[in-house]
């Protein structure tokens, strides 16, 4: 039938149509014909190009950026990309080759491998504490980084590091060390006068001004000496402060506190007397009281005060022998003369021949020094009226005064009796028999002496020996 095609006719039609559906193929380009899903064609094996060693550009010309290709062709000369050519690849300084170091132009019109040059870099340097660095070319090859430290710090280690070809930095990482001591300024030295009646002065001051030249941190401030607001005794006192920073660097400063005491000339005790003074006895505000020994009384001011002008107030008194006035109207008037001045030992006996009386008077006459030292005056009441005698030393008492004394002190005429009266007029001890002066002195020393008298007794312990 006319509509049927023979097998031979059908094959001829397919061969005729094939060139119309095949795209252009560029030998050595590396590309292959595209397939079209809209067309159907007979599958064929690609044609193998004919090898020709004479073609000068069998493979594409090698061009490696930031590098160089050194090629050796079997043809020699200028054949750098002919079939069989072998090229050695290298990079410029500062670049590293990534890929094949050697490639060859293959029959497939391709090179046997790929490679490229990558710029060499070192890792970014870490920042150092209390310091910094500057680099000439960042992290690239041959870049030099110079280190520096903040004010107050010293660089220890490599001052510069260079980026080397192996991607490492030369040297080691330095450190910034705080070597500068803190700055410290103490307050000015000062001088102060002691207060009245005191030998010390309270002194205040502001704390020192301290600053660290590095990070500004002061870890410790120590004081050698009294604290501000303390009481300072007379003289010069050195106050020292020491400051420490974090690196244990230290700095010190000092100033002087001087305390002065206004003093008056040293007073001398009066003849037959002594002084008792407050405080140091010669400093501003001190008060000195004048006292007279037993048997003497003071004439003049009782005390003097050291003034701010460094002079004593008033004039010095004197101690004169005590005058006893027996021409008084009563026993009370007689005793008032001894109030706070003398102690009284009143002896009563029936008659001058009384054995106890004679024994007691004999012992007391041998101890007049001890009696005067303890401010003791003896009053004798001896005999019976109208021949009764009363006397104080050489002074005779009237009969009226004798009677009042007996009644006031409860002294009988019937037998020997004796009473010891203190400086306040109080009956302190009674005796019915003679006693030794040592017993009387012991009682007075143990119970009747004032603090001032105790001090004087210690100073005059051997005066009667």
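Each residue, glycine too, has its Cβ placed from N, Cα and C.
Database features, via Swiss-Prot:
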type     : residues : note
SIGNAL   : 1-23     : signal peptide
DOMAIN   : 69-119   : domain 'Sushi 1'
DISULFID : 71-105   : disulfide bond
DISULFID : 91-117   : disulfide bond
DOMAIN   : 120-178  : domain 'Sushi 2'
DISULFID : 122-163  : disulfide bond
DISULFID : 149-176  : disulfide bond
DOMAIN   : 177-261  : domain 'HYR'
DOMAIN   : 262-321  : domain 'Sushi 3'
DISULFID : 264-306  : disulfide bond
DISULFID : 292-319  : disulfide bond
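Same-chain residues at least 6 positions away in sequence with a Cβ under 8 Å from that of residue 292 (disulfide bond) are, in sequence order, 270, 272, 273, 298, 319.
Within the set of disulfide-bonded residues 91, 122, 149, 264, the entry lying nearest in space to residue 105 (disulfide bond) is 91 (CA atoms). Of the recorded residues, residue 122 (disulfide bond) and residue 91 (disulfide bond) place their C-alpha atoms 17 Å from one another. Using CA atoms as reference points, the disulfide-bonded residues 149, 163, 176, 264 were checked against residue 117 (disulfide bond), and the closest is 163.
Counting residues per DSSP class in helix, strand and coil order gives 0 helix, 26 strand, 34 coil for the domain 'Sushi 3' (262-321). In this structure, the C-alpha atom of residue 306 (disulfide bond) lies 65 angstrom from that of residue 176 (disulfide bond). DSSP classifies residue 117 (disulfide bond) as strand under the three-state reduction. In terms of DSSP secondary structure, the domain 'HYR' (177-261) contains 0 helix, 49 strand, 36 coil. Within the set of disulfide-bonded residues 71, 91, 149, 176, 264, the entry lying nearest in space to residue 163 (disulfide bond) is 91 (CA atoms). Taking Cα separation as the measure, residue 91 (disulfide bond) is nearest to 71 of the disulfide-bonded residues 71, 149, 176, 264. In the three-state DSSP scheme, residue 122 (disulfide bond) falls into the coil class.
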